[in-house]
Every structure is written in structure tokens, then in C-alpha cells.
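Presented below is the structure to which this report refers.
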Amino acid sequence: MAPASSILLLSTMIIAFLASGVLSDPDPLQDFCVADLTASPGVNGFPCRNASSVTVEDFIYREMVNPANITAMNRAGAVFGTVLRFPGINTLGLSMARLDLLPEGIIAPHTHPRATEMVYVEEGSVYAAIVTADNRLFAQVLSRGEVMVIPRGLIHWQMNVGRNNAKIIAALNSQLAGTQFVGRSMFGSSPQVPDEVLEKTFFIDNTTINQVRSVFA
Ligand SMILES: *[C@@H]1O[C@H](CO)[C@@H](O)[C@H](O)[C@H]1NC(C)=O
Ligand SMILES: *[C@@H]1O[C@H](CO)[C@@H](O)[C@H](O)[C@H]1NC(C)=O
Ligand SMILES: *[C@@H]1O[C@H](CO)[C@@H](O)[C@H](O)[C@H]1NC(C)=O
């Protein structure tokens, strides 16, 4: 092959590699790699447990059988099936969650920095929304059986607008998508975000700032 065309081929392969790498977790190089959670995480995920000690139980996750613990603050809760709780998904590039919402409950505005998400409404009636980077709100009330996709990294939420409990199953294309709540990040961080920053961001005084902070304390 002529040098020019091999350089072109190499650049194309590098571009394809980079493009695939930014869309979800990297592809595994083995059939499975059940995480050894006792090892400290490496640069990108956990090392594999010895394959001869792996059993069918490593491929099954049962924590989503029961409803999530509901927090009084949001009247909602989540069971996360990330690699930290379900080591069998290590290196496989996906995870799941179960969301339970009492009437008027909300999974408050948050982002997943490392994953695109799909939410499937299994029960109830849910006001589901996305705000894009250019501040467009895409929102809709979803009913049983309906699905919404939430592009990676965008702020989104789900709120129960029905009379009964709502239940949502979420799938994410990262084994550890990260969940960053907007309110808690700004008002519930430790150490605190300085008053001056919050005053200049939300145009509120320190009395209001302290009121909101106390909710997250
Ligand atoms: C994995 O476990 C098997 C059975 O106990 C053992 O024979 C083998 O040496 C182990 N492999 C490694 C890499 O530790
Ligand atoms: C719910 O709370 C109990 C008691 O604190 C805890 O043992 C359990 O792991 C929690 N469940 C989830 C899914 O977080
Ligand atoms: C709150 O803001 C007022 C007005 O800027 C200031 O005088 C006061 O010292 C601040 N209080 C605290 C606890 O930071």
C-alpha cells in the first residue's frame, strides 16, 4: 500500500475510534469481566474477577424487584444498577435503574455526564422533560408503556402527575453514568459553593441561599 493511502487509512481508523469512544463506554476485549470490587478502580473501570469463580448469579441483578427507598424531600427514589451494585456489567457499556415516584414525587433535574438514557414508564403518568444546551425545553406527559430518550449530559427530570404511584425503568449506555443533581450540586455541596457565587448565579440574597441550603443539609 502506498504511504499516503496507509496514512489516510490510519487517520480514518483513528477518527472512527475516537468517534465511537465518545458515544458510550469502550468495547470490552473479552466475553465478560465481572468486576472485582475489592480492587481499586483502574484508569477506566474495574479489573476482572478470575473467570473460573464466575457463576450465573454474577449475570443476575435482583435489587430492582422491590421499590426504591423513597426520600421525603422528593417523594421519590431510585434503585441504581450500576457496576458498583451489579459487578457483572463491568466493561459492558450499559446499566439500569428503577425509579419509584409517589403522587407529586419528582426525580429532580439532573444530568448523567457519561450516558445517554432511555426511560420506560411501567406504571403511572409522568411529566418527563429535557433542557438542551441551547435552553430549549422538550417536555411531555408520558403514560404506561411510553419511552423517552435523553441525550447524554443534558439536564432532565421526571415528575409524577398521576393520582397513583409511578414506576420507571431506565437504561443507560454506561456502566457508571454518574448522576449529578442541579439543586444539590449548587446548594448541597461540601464544602459549600461560596455565597458570592450563588448570589451572582441565581440573583438571590444570602437569606434565601441559606434557606435552600438547609433543605439539602
Ligand atoms: C483462577 O482460578 C483457578 C481455579 O481456582 C486457578 O487454577 C487459576 O490459576 C486462577 N487464575 C488466575 C489468573 O489467578
Ligand atoms: C434502602 O434502605 C435500606 C435501609 O437503609 C438499605 O439497606 C437498602 O440498601 C436501601 N435500598 C436501596 C435500593 O438503596
Ligand atoms: C448577608 O448579606 C448581607 C448584605 O450583603 C451582609 O451584610 C451580611 O453580612 C451577610 N450575612 C452573612 C451571614 O453572610
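Placed from the backbone N, Cα and C atoms, the Cβ positions cover glycine too.
Predicted automatically and left uncurated, TrEMBL annotations should be read as such.
What TrEMBL annotates here:
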BINDING   His110, His112, Glu117, His156  Mn(2+) binding site
BINDING   His112, Glu117  oxalate binding site
DISULFID  Cys33-Cys48  disulfide bond
DOMAIN    68-210  domain 'Cupin type-1'
SIGNAL    1-24  signal peptide
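In this structure, Cys33 (disulfide bond) belongs to neither helix nor strand by DSSP; it is coil. Other residues of the chain with a Cβ within 8 Å of the Cβ centroid of His110, His112, Glu117, His156, the Mn(2+) site, are Thr111, Ala115, Ile150, Leu154, Ile155, Leu172, Ala177, Thr179.
Helix, strand and coil residue tallies for the domain 'Cupin type-1' (68-210), in that order: 22 helix, 60 strand, 61 coil [DSSP]. Around His112 (Mn(2+) binding site), the same-chain residues at least 6 positions away in sequence with a Cβ under 8 Å from its Cβ are Ile150, Arg152, Gly153, Leu172, Ser174, Ala177, Gly178, Thr179, Gln180. Sorting the binding-site residues His110, His156 by the number of other Cβ atoms within 10 Å puts His156 first.
In this structure, none of the recorded positions Cys33, Cys48, His110, His112, Glu117, His156 sits close to ligand 2 with a C-beta under 6 angstroms from any of its atoms.
Same-chain residues at least 6 positions away in sequence with a Cβ under 8 Å from that of Cys48 (disulfide bond) are, in sequence order, Gln30, Phe32, Cys33, Val34, Ala35, Asp36, Asn90, Thr91. Note on Glu117 (Mn(2+) binding site): other Cβ atoms within 10 Å of its Cβ, all shown chains, come to 23. In the predicted model, the domain 'Cupin type-1' (68-210) shows an average pLDDT of 97. The DSSP secondary structure for Cys48 (disulfide bond) is strand. All chains included, 21 other C-beta atoms sit within 10 angstroms of the C-beta of Cys33 (disulfide bond).
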